[in-house]
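Trainee: I am attaching a structure below and will ask some questions about it afterwards.
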Amino acid sequence: MSSQLISSSPTITEIPTPKLHSRSHTLSQRTQIPLHVYKHPAAILLELSTSIKEVYQILPHIIKSNLYTEHLFQTKLLSLFCNHGCIAEAARVFEPIQDKPEVLYYTLLKGYIGIGRLVFDGMKRRTMVSWNSMIDGYVRSGYAEEAMAIFEKMLDEGVEPTDVTIMGAARACADLGDLDRGMFVHKLSDKLKLGTNVSVMNSLISMYSKCKRVDLAVDIFKKLRGKTLVSWNAMILGFAQNGRVNDALNYFYEMHSRNMRPDTFTMVSVIPALAELSVTRQAKWIHGFCIRSCLDDDIFVMTALVDMYAKCGAIHTARKLFDRMNERHVTTWNAMIDGYGTHGLGKAALELFNEMQKGVMKPNDVTFLSVLSACSHAGMVEEGLSYFTSMKRDYGIEPGMDHYGAMVDLLGRAGRLNEAWNFIRKMPIEPGINVYGAMLGACKIHKNVDLGEKAANKLFALNPDEGGYHVLLANIYATASMWGEVAKVRTTMKKKGLQKTPGCSVVELRNEVHSFYSGTTNHPQSKRIYAFLEELGNKIKVAGYAPDTSSIHDVEDDVKEQLNSTHSERLAIAFGLLNTSQGTPIHIRKNLRVCGDCHTATKYISLVTGREIIVRDMQRFHHFKNGTCSCGDYW
């Protein structure tokens with residue numbers, strides 16, 4: 001779920017992105033807008049609006065305040081109506097304007113792309129501005145394929161592209177994730193001798209990053225002379241989008257060492273990257289950096305900080321920041337609600353959502369996804385069902401694939417597997433990988449072989465590109481002692497070249513992040529760690545721990561126990577206990593779901609050591625203390 005808030009594709013419902021950052025300049029005082037207009041609450045509300053419904057709610061305030069004829073509001077309303085596809089309303093704003101500046105014509109052309117295309121096709125002589133406007137208009141409207149069609153038509157007609165054309169085409173390729181055409185655009189830029197054009201190179205850096213070739217983005221960045229803040233931002237975001245968190249942070253530190261002042265975009269790129277490490281010490285440092293940089297009153301930076309603290313396990317600190325904010329965007333509410341959900345605090349999540357509903361800020365699709373996820377983690381099934389119905393009935397929000405997946409997870413996690421399967425069968429859209437994946441995961445939890453096989457068959461027909469789902473099915477078979485079926489699944493994985501993602505846990509100690517993989521012995525303290533784990537294993541057995549080795553086959557019982565006891569999270573926990581003083585909480589980040597045996601063992605470890613152990617796995621947080629877990633064994 002957390003990944004939904006910091007998605008790699010820029011949309012208005014996510015943590016702030018380039019599009020949102022550029023929008024903030026529409027209120028720039030460089031256009032000599034009177035201060036009372038620039039700072040009027042209606043101007044701010046327009047800037048934060050996310051739907052046409054919100055625009056209509058704000059419009060009466062603009063008219064009553066006699067601001068309708070102000071240039072700022074005319075421009076902004078025209079742009080918003082065009083962006084929401086309301087051509088009639090856009091025309092009503094456009095027509096009465098005296099001495100229309102050229103930019104308004106192109107706003108109309110780019111904003112309502114259907115009418116714009118008719119205008120474009122009817123032109124007897126197309127200028128370079130008209131070509132570029134159409135490409136840009138299609139990209140901004142989410143029609144990247146159409147943008148590329150115009151670009152290719154332009155080339156076919158022998159029109160030589162400009163730097164603006166190349167940037168538009170690069171952005172279209174980025175949105176499509178089309179590496180081949182993106183590389184063609186890059187070659188064309190070289191042919192046009194645009195290699196020294198920083199803006200073009202920045203666009204290519206972003207394009208390669210979105211096409212998952214951050215290595216090629218790095219090549220461009222390193223060769224680029226005259227790097228701007230935009231160049232650094234593009235590279236940092238590129239690393240963050242591709243999971244190269246350490247590289248994102250290192251480039252940020254290097255940028256800082258060169259005395260280049262970060263902006264809002266920099267921070268909302270680097271903060272989510274840091275959040276993925278889940279290291280509280282670094283979270284505090286970056287928070288302090290934001291304060292020293294006078295960015296702590298920026299709504300998007302503060303939202304990113306709220307999200308970061310929640311993902312670092314400091315949910316109470318996240319709420320303190322949330323409460324201190326004078327202004328909140330819908331993404332701010334989403335971050336806090338999701339934070340409560342991933343910590344298993346479903347009641348707090350729903351209370352905050354109810355508070356949001358009473359205010360002026362309206363929930364969006366991500367809000368409901370966070371709410372449904374919170375209900376799922378807390379076992380609040382009836383509440384989740386109610387909110388799923390309310391989503392469309394009360395707010396007109398059409399459920400997407402992620403919402404359907406969340407509902408299957410909600411029902412399945414609660415053991416209502418037949419309801420979950422029937423829910424899938426009645427879906428109005430074709431179920432995706434995440435929907436069947438949620439069903440398969442629920443079958444693993446509740447050891448249901450029959451429905452697990454049905455879900456797996458549907459899932460594998462969609463050709464998922466990673467082996468985790470095959471491993472889930474194999475584990476279902478293993479729990480049922482169906483070892484022949486386990487062998488078949490493993491053979492299928494081998495034939496398809498699919499591999500199990502190795503379990504990895506990280507723990508931070510004195511500004512260094514230590515990584516542990518299951519069963520590995522390459523850490524400098526390995527001998528000490530393994531000896532301590534053996535001693536710890538004896539202590540927790542005395543306290544009542546009984547190993548669960550039901551999913552392991554073809555080895556002796558003592559070997560089964562040893563395999564379980566050397567899972568990555570136990571190595572990380574042992575390292576943390578050995579290297580910190582009594583009373584210090586241990587923070588662990590794991591890339592996979594914590595297995596049942598490790599979950600039980602960690603409860604006992606917290607009991608016999610008197611330590612609080614906080615584990616963030618791929619789905620949620622587990623706070624272990626005095627022999628219990630915050631999840632209540634419901635995960």
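Keep in mind that glycine also has a Cβ here, set from the backbone N, Cα and C atoms.
According to TrEMBL, the feature compositional bias 'Polar residues' maps to 1-14. As annotated by TrEMBL, region 'Disordered' applies to 1-24. Here TrEMBL flags 127-161, 197-227, 228-262, 298-328, 329-363, 364-399 as repeat 'PPR'. According to TrEMBL, the feature domain 'DYW' maps to 544-635.
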Trainee: I'd like the per-state residue tally for the repeat 'PPR' (298-328) from DSSP, helix first, then strand, then coil.
Mentor: 23 helix, 0 strand, 8 coil
Trainee: DSSP on the repeat 'PPR' (127-161): how many residues come out helix, how many strand, how many coil?
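Mentor: Counting residues by DSSP class gives 26 helix, 0 strand, 9 coil.
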Trainee: If I take every residue in the repeat 'PPR' (298-328) and average their pLDDT values, what number comes out?
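Mentor: Across the repeat 'PPR' (298-328), the average pLDDT comes out at 94.
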Trainee: By DSSP assignment, list the helix, strand and coil residue numbers for the repeat 'PPR' (228-262), in that order.
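Mentor: Counting residues per DSSP class in the repeat 'PPR' (228-262), I get 26 helix, 0 strand, 9 coil.
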